[in-house]
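Below: the structure, in structure tokens.
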Amino acid sequence: MQIIRELADLNETHTAWRRDLHAHPEIGFEEHRTAAFVAARLAEAGFEVTTGIAGTGVVGRISTGAGGSIGLRADMDALPMDEGPGPDERPWASRHPGLFHGCGHDGHTTCLLAAAGHLARSRSFQGTLTVIFQPAEEGLGGGARMVDEGLFERFPCDAVFGFHNMPLLPLGTASVRPGPAMASFDEFKVVMTGRGGHAGMPHTTRDPALALAEATCSLQGLVSREVNANSAAVLSVTQIHVGTTHNVVADQGWLGGTVRALDEEARGIIEAGLTRTANGVAAARGVTAAVDYRRGYPVLVNDPAETARAAAVLADLYGGNFRPDFPPLMAAEDFAFMLQKRPGAYLLFGQGGEGGCMVHNPNYDFDDRLIPMVATALVRLVESRLPRST
């Protein structure tokens, strides 16, 4: 791809930014140092900067005059896990045990800062650019909180775009697809309460372990028998807890897990079916069931028109390395909340290759070669969406 010359020339600086952020990871809603770093870089570039949105969120805004408006979003938070390589192997490794940029949000933040700086200097667009640095993507719903705190009312955007590195795609490739692109994410917990007693006299008990085992098996029928076979959905029971010793039938136990789906209809079917199934099994076994179903992130749905615009930009930049056929992911992403409020799309940039690994792995690291590639794509997207009048 043809990388913008200035971004290529500045990659050493941008790489230093990224590695500084990597060495100082902060988890959701605690990104104070990161937010201060972002705000300082935006102010230096000439953006009007607003901080404190959703706690540690930062928004930068710059206008070149009358025209449309576009938003670009990056996530800032790290994961609560240890990094594998230490400072001897990776000098920029996390300096904070138990905290690690294992999903590349340090890279995302840097890519957007790089693109924002270039656009502020070049002023190669006509209209208003809003750059959104979001806290707490990793399960805490920082995107929803920003929306709830009036993000798009305070900073109007005709369209909004997000992005992520993708180790499943080779470095030098990119993808975007219309419609559902990432799954919803819900959690559930089912508590079964019976009557405990001696394991040698189970007839005097009402055994929650048996009910939990049957419920675990029965729940698998929800996706295979109630959800349309053309809809992608997953229900996984990932925890079963009951009993403390070998000769006692416990009086209570619980199971828990996750539900993911690529359409809201399937999501609703599973939620209703889970409660019905748990209560039915409980009644059959003489125990009671208490179901706690918590909806998390919605399905991430790319707007067809905005996806087509983004795809045209990526196809022009990447040529045959643009991958429009990359399948939807069953991972979840809270940029979905922003796409519920404004049309837009979520772009994927490949960083896979020899020696790399998947995100959320202790050996993962963002590939710094990706910074000018992503920044170039974001710049061209803004220029395409907000062309200068001639």
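Residue positions begin at 1 at the first shown residue.
Glycine too: its Cβ is placed from the backbone N, Cα and C atoms.
What TrEMBL records for the Mn(2+) site is Cys103, His105, Glu138, His360, and among His164, His198, His203 the residue it adds there is His164. Mean model confidence of the domain 'Peptidase M20 dimerisation' (187-272) amounts to 97 (pLDDT, 0 to 100 scale). Taking the Cβ of His164 (Mn(2+) binding site) as reference, residues of its chain lying under 8 Å away and at least six apart in sequence are, in sequence order, Gly104, His108, Glu333, Tyr346, Leu347, Leu348, Phe349.
Following the DSSP three-state reduction, the secondary structure of His164 (Mn(2+) binding site) is strand. Of the binding-site residues His105, His360, His105 has the largest number of other Cβ atoms within 10 Å of its own Cβ. According to DSSP, Cys103 (Mn(2+) binding site) is assigned to coil rather than to any helix or strand. The 10 Å shell around the Cβ of Cys103 (Mn(2+) binding site) contains 23 further Cβ atoms across the protein chains shown.
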